[in-house]
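Notes follow the structure.
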2 protein chains.
Amino acid sequence: MVADAEVLRVLIEVLDEFAALSPFHRQRLGSYQIKLSHRGLLDAILQLCGVPKDRLRPICSSIDKLDKEPWESVRKEMVEVKNLPEQCADRIGQFVTRSGQPWELVRELRADAALCSGQFGAEEALADLERLFAYLDAMGNVLNRCILNLSLARGLDYYTGLIFEAVLTDGTTPLGSIGAGGRYDKLVGDFAGKQVPCVGTSVGIERIFSLMEDAERELAQATGRVIRASKTQVLVVGIGNVDLVQRLKLCDELWRAHLAAECVYTERPKMARQLQYALDRGIPVLAILGENELASGVVGLKRLSTQEQIQVDRGSSMLQAIRDWITAENSQQIHHYGSDPEGNGRSTTDEVPTAHTGNKPTDPW
Amino acid sequence: MVADAEVLRVLIEVLDEFAALSPFHRQRLGSYQIKLSHRGLLDAILQLCGVPKDRLRPICSSIDKLDKEPWESVRKEMVEVKNLPEQCADRIGQFVTRSGQPWELVRELRADAALCSGQFGAEEALADLERLFAYLDAMGNVLNRCILNLSLARGLDYYTGLIFEAVLTDGTTPLGSIGAGGRYDKLVGDFAGKQVPCVGTSVGIERIFSLMEDAERELAQATGRVIRASKTQVLVVGIGNVDLVQRLKLCDELWRAHLAAECVYTERPKMARQLQYALDRGIPVLAILGENELASGVVGLKRLSTQEQIQVDRGSSMLQAIRDWITAENSQQIHHYGSDPEGNGRSTTDEVPTAHTGNKPTDPW
């Protein structure tokens, strides 16, 4: 059970780090609870209530619906669809509606002479849980986040011991599960031939990122900062007769200096289109190439947020000027956590996406 | 074709970064070539040679074997298995055995009046390649890494334009492909309904890591440094009656300080077993808890490589002493790039793996 305890601690550490990013993140992600239970305990309870051994899994999958449906409708399914005697379903109902502080509920179950009669394996499952709780107690305040919840069944058949689910408890998020896992000691053996005991957790990263985007927007609004829709730092812009190859050459110089640069993918796009492209994505710096710049080996640099514009030699002074502006911008901007449609500023299509939702600097021209 | 060019440049940048890690890495991974071609060009060649349109893909998959088999056996398959007329196969042979500097070979193919007669679409494919080469020329020396190779077919049906493969050319690696990709404009549309043009690359990370492990071993041998089999920095060791819960408490204190710590998972393992565990994995520091240490709030620290042993207060002085030793160790050690059987020092089983292949410090006791 040490590995089980470590997995729970890792899950809590990960979730707490998301919540720690700002007060807005804490508000969205800071209130959660780990519901946990044990497959062996659930099986023992079901057998005590009169469920035959070969019907444990179908009844489990009915119980699994208790987080979305009231007990009455789960009971109805057990009796009418799965042909469980009513009396049997009612006994199950007395157990699976219980949940509480882990040590306390385990103590109550230990005191249940019928459950712990040595017939159903409840003692082994409770001993597992007691060891788990002792290890969690040793790992700081991990157990404070946990609740032993006998309605937790985890529909998947492969779990063999501990099962758990992290659920948001702020009441505003309708589908609040942001992580889940458990022990699955037989799954690898079923495929690989060799038994490999396993315990693991998954984090609901899409759901968490969606909540983080909400938090980022609130944070941006509260602080007046800008959310950038792209990680690109420099848009290489061509004026007049400067073609794509010339712009790519400058991109290449910036890439070699580890600056995230891109250009619009058409041969000679209009200036207005290139500017709009930068504004839509929140790209902070333009590197501007006209025929004069090309001829004299210089580049025009424009910082969109402040309207500063300078001309520099194409080389180390260009790189330094860009880095200075990027550093200044980074202290004012928030990177977008969601999916970057440009894949780090490199795109496979030439489509201009719709404008992002953050504040935009006003048109500099 | 800008996106195609960027994808090739990204692939080359990634591969070059691996090779740049040491002279040993350069020797293993520095000599490679990007073989490239174009599905439209291959289709045009096959049609010119008399392959009916509905037989293009099966003949393609024969050509795809040319990197493993000689032309004669590929020809035999075309004629005997795929019922292609001999004359037709021989004409194909005259094309697919050609490869050369990209600009030169494209120029030769442009001069082939039969191929570029306007019937087979070769002109469009060659124009694609010319644009690609111009962009690659603009991106530094990317094209120097590339060869246009008409035997490249890429068995997968979904490619629609550029195809490429990165192949080690040092001659010592039997299966030398370390990256591949191309354009697949219809694949997403086939599943999603909406057409999304795509170009991408994959990197053969398992093969590259295996070569990097060889390079790491050579580097370690040449410099007398140690390859660690685990990322764990501290093994928390119990002596006498100190149980698992006490050791986990100390692990937790170290985790909170962002130190990678673990302990052996049994209740009261023998000292020799715990020491062997640390030696097998190259864990550099032991944090030792006996009953005396527990009673007086101190910890024994031992650095295995130097045999230094100190006793410190459990708290910031403990953390500082460990950090100092880790810093000193990091300047002498090489982290193992391969799969860490402990998953960042956290294991789901209690199995002791076989000793790693690096040099081991001698037994300190």
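Indices start at 1 and increase along the chain as displayed.
Cβ coordinates come from backbone N, Cα and C, glycine included.
No curator has checked TrEMBL annotations; they are predicted automatically.
When the ranges B:37-64, B:93-120, B:205-232 are checked against TrEMBL, the one recorded as coiled coil is B:205-232. Cβ packing within 10 Å was compared across the binding-site residues B:Arg154, B:Tyr158, B:Tyr159, and the lowest neighbour count falls to B:Tyr158. Helix first, then strand, then coil: DSSP counts for the domain 'Anticodon-binding' (B:233-315) stand at 30 helix, 23 strand, 30 coil.
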